[in-house]
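Student: Before I ask anything, here is the structure I am working with.
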Amino acid sequence: MSLGQRLALLAIRLQEPQRVASFQRLCGVEVPLGSPKAGEDAETEVRGAPGDPRRRPRQSGADGSPAKPDCCGAPNGVRNGLAAEPGPTGPRRAGSLRRNSLTGEEGELAKVSNLPLYYLFCFGTELGNELFYIIFFPFWIWNLDPFVGRRLVIIWVLVMYLGQCTKDIIRWPRPASPPVIKLEIFYNSEYSMPSTHAMSGTAIPIAMILLTYGRWQYPLIYGLILIPCWSSLVCLSRIYMGMHSILDVIAGFLYTILILIIFYPLVDLIDNFNQTYKYAPLIIIGLHLILGIFSFTLDTWSTSRGDTAEILGSGAGIACGSHAAYNLGISLDPSLHTLPLAIPPLTVTLFGKAILRVVIGMLLVLFVRDIMKKVTIPLACKLFGIPCHDLRQARQHMEVELPYRYITYGTVGFSITFLIPYIFSFIGIS
């Protein structure tokens, strides 16, 4: 057997849903006794891996393309068989915290015997969700180092955009359920390969160490410990949640390393362009909008389209905000002769100002996001003649989802790097 054949066989084995289910059982996640799914696991074991002739073929649309979710939210790949609601003594619904508001799906019933692992992996998977991003990036920009924060956003946008587009090109379904238990359902209508959670969970810690080491004084060993811990936690959490095969996670990790090798040397050039070039805002807005339109043409509706527009809008808004802040002198990076920067001692004043910036800043961010959401969706529906009585259906149109996500999160990003730092400066907590 040649090396290529061995690698192909290994890839097939790593994509088998049975391996995901085995990992879940190892971590204490099982189908509860009496669940309708419990009787289906044995049948699933004989379906085989991708490429195996015994494997049940994926249902296709009328044009031969992979099946997509309908208005009720049938996801890509195999639709989950949801168990009945638990009674007072029934098992916990382990995935209900990530209910998908756009498709109405919820996590499956599962018997979780290891709660510490469950909460650990819930935390790990949140490191790749919007809640984490909307806290993490502003915290860097407001409290730690805007220089590093801006560049982290550039890398994050690049990695996530390429990952989301690659998903819609490859179009591999999520692991079949059964035998896999879907503890999280929020992203189930997206494709699987590669894992963008794994990509984000790899790119952020690596980029964070690359950007800070030598700029800040700290032992390198801290970074060498942080990178594998962060990345492995996020990657394993996606297998634990039943969202990805082992192959998806490995591919996401390796894909991220390749992207960083190619594009990391350009990050400094991109950030300097965003801040200093006279017409940078026009180019930034136009380029990100074109990339968003392109990504929307790769496939029909899924939650990944809105996520892509959200990522691009955030990146464009943060870049434009940094341009305005730089040219108005609101946010200036320390001069090179002051490097490396020493980590200041934690005082009551320093800690108090940091907390104030986080609380005031996040309240303003949430306010801006809520206002823009209420304005952009009805406005887009009115402009393009789309009924807006059912927001779920309306947001499945590109004419609504793209401007809503792009404008809303573009405004949020602009607020993070310009409007909110200006307010901090005005009230004396910058």
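Residue numbers in this text run from 1 along the chain shown.
Here the Cβ of each residue, glycine as well, is placed from N, Cα and C on the backbone.
Worth saying up front: this structure is predicted, and the values here are computed from it rather than measured.
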Student: Look up SER96, SER101, SER192 in Swiss-Prot and give me whichever carries the note phosphoserine.
Tutor: SER101
Student: For which of the residue intervals 311-331, 374-394 does Swiss-Prot record transmembrane segment?
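Tutor: The listed stretch tagged transmembrane segment in Swiss-Prot is 311-331.
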Student: Can you give me the average pLDDT across the region 'Phosphatase sequence motif II' (194-197), rounded to a whole number?
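Tutor: Here the predicted model's pLDDT, averaged over the region 'Phosphatase sequence motif II' (194-197), is 92.
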Student: The transmembrane segment (311-331) and the transmembrane segment (152-172): do they have three or more Cβ pairs under 8 Å, with pairs 6 or more apart in sequence?
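Tutor: Counting Cβ pairs under 8 Å (6 or more apart in sequence), the transmembrane segment (152-172) reaches the transmembrane segment (311-331), since there are 3 or more.
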Student: Taking the Cβ of HIS244 (active site, nucleophile) as the reference point, list residues of the same chain whose Cβ is under 8 angstroms away and which are at least six residues distant in sequence.
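Tutor: Expected: VAL20, ARG174, PRO175, SER192, SER195, HIS197, ALA198, ARG238, GLY252.
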Student: Would you identify the secondary structure of HIS244 (active site, nucleophile) according to DSSP, in three states?
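Tutor: In three-state terms, HIS244 (active site, nucleophile) counts as coil.
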